[in-house]
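Record features, source Swiss-Prot:
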type	residues	note
BINDING	5-71	NAD(+) binding site
BINDING	151, 287	substrate binding site
BINDING	173, 203	Mn(2+) binding site
ACT_SITE	174	active site, proton donor
């Protein structure tokens, strides 16, 4: 083994995300001298990231080197870790297209990056590019581990392990650890006092056990306290990011009905189910505080904030940041040093969750050490939770089959099975919507879709 790893970042123009991941990396002793290869097709964004990463490295006392690439294969050459974070088609034009076309057909969305027509189109745009990374990794860094942050996570991860089973990869999200911190904040307790066991699928995993440590060192079930706080109007607390549109009512109401708390946000969860967004039901939107068109609004705000932050970073002498909640540096450190850690990752269901389809993509706790990323067996999850997840897995199954077999019919079938879409549109309307989305996206989609 070399004395320091090579970390390749595909999509390095995502400057703020790069900053968070590499800020963590540079504060790990075993990774301080890593070779960081930044790759992006946008040379301007790439150079901006280079400036930020150099200042991060210097501020942390890291001694590695940085190289910048617009050629993917060159960036991947001899990599040990490959971090992937990009959005094919960006906010403009593709995200705008997903929202505007669906709205014309009477389908409202909130985020549209995981399921539904928005998630389906994003998967069709994205998976061919992920496959190209797998091709290049096979050729120039076959032993590397891919840390994938690209949505729609389940469909992307599934499509990669189906076609490139030899590539070591894990799909990463921050909803498990992020929601745990949110719930601790809602109850005014220290997040480090929590202990939990979580399982499911990406953006629809549930805390099967959620406990807090008491003064005498024993653990107690946190769910009764959480429910009491919600009923008393003491939870949820205002959005930590100051976003007044996202009030987290949907998840708490689902918690009351299901008995378990889901990991992904209310604005996400509202569009994974058939109950919250319906034409002419403004009462539901008002009652559950569902933020329609949230993702486009967020993109505009984040872009403005990013430009402001970037200017500050470019003029700053040093950049000091707090550790993030992302798992990437934890995984790299554990694989590189052998120091064991536990993370939550999206992986192939091979006997992990008994009552979800084998081969589907599930989110479970994984032990990480010198032996690799080792998912842990969960067993059987509560039947009502599995039933809800299955409605989402249906879409993932059909879309993955569509792109693996180049079968346009399965794209329609995936949209038909989407819980939210099916609750709003008839069959012919769904077909017309898919046709319009494919036409509107044009060359952003694979050529076989337009044959």
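Backbone N, Cα and C atoms are what each Cβ position is placed from, and that goes for glycine too.
On the structure: features taken from Swiss-Prot.
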residue	record	DSSP (3 states)
5	NAD(+) binding site	coil
14	NAD(+) binding site	coil
23	NAD(+) binding site	helix
41	NAD(+) binding site	coil
59	NAD(+) binding site	helix
68	NAD(+) binding site	strand
173	Mn(2+) binding site	coil
203	Mn(2+) binding site	coil
287	substrate binding site	helix
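Every protein chain considered, the tally of other Cβ atoms within 10 Å of the Cβ of residue 203 (Mn(2+) binding site) stands at 26.
Taking CA atoms as the reference points, residue 68 (NAD(+) binding site) and residue 151 (substrate binding site) are 24 Å apart. Neighbour density at the Cβ, taken as the number of other Cβ atoms within 10 Å, is lowest among the binding-site residues 14, 59, 151 for 59. Counting in whole angstrom, residue 32 (NAD(+) binding site) lies 24 from the residue listed as 'active site, proton donor' by their C-alpha atoms.
In the shown protein chains, 16 other C-beta atoms lie within 10 A of the C-beta of residue 32 (NAD(+) binding site). Of all the binding-site residues listed (41, 68, 173), 173 sits in the most crowded Cβ setting, with the most other Cβ atoms within 10 Å.
Cα spacing between residue 5 (NAD(+) binding site) and residue 151 (substrate binding site): 26 Å, rounded to the nearest whole number. The number of other CB atoms found within 10 A of the CB of residue 23 (NAD(+) binding site), across every protein chain shown, is 23.
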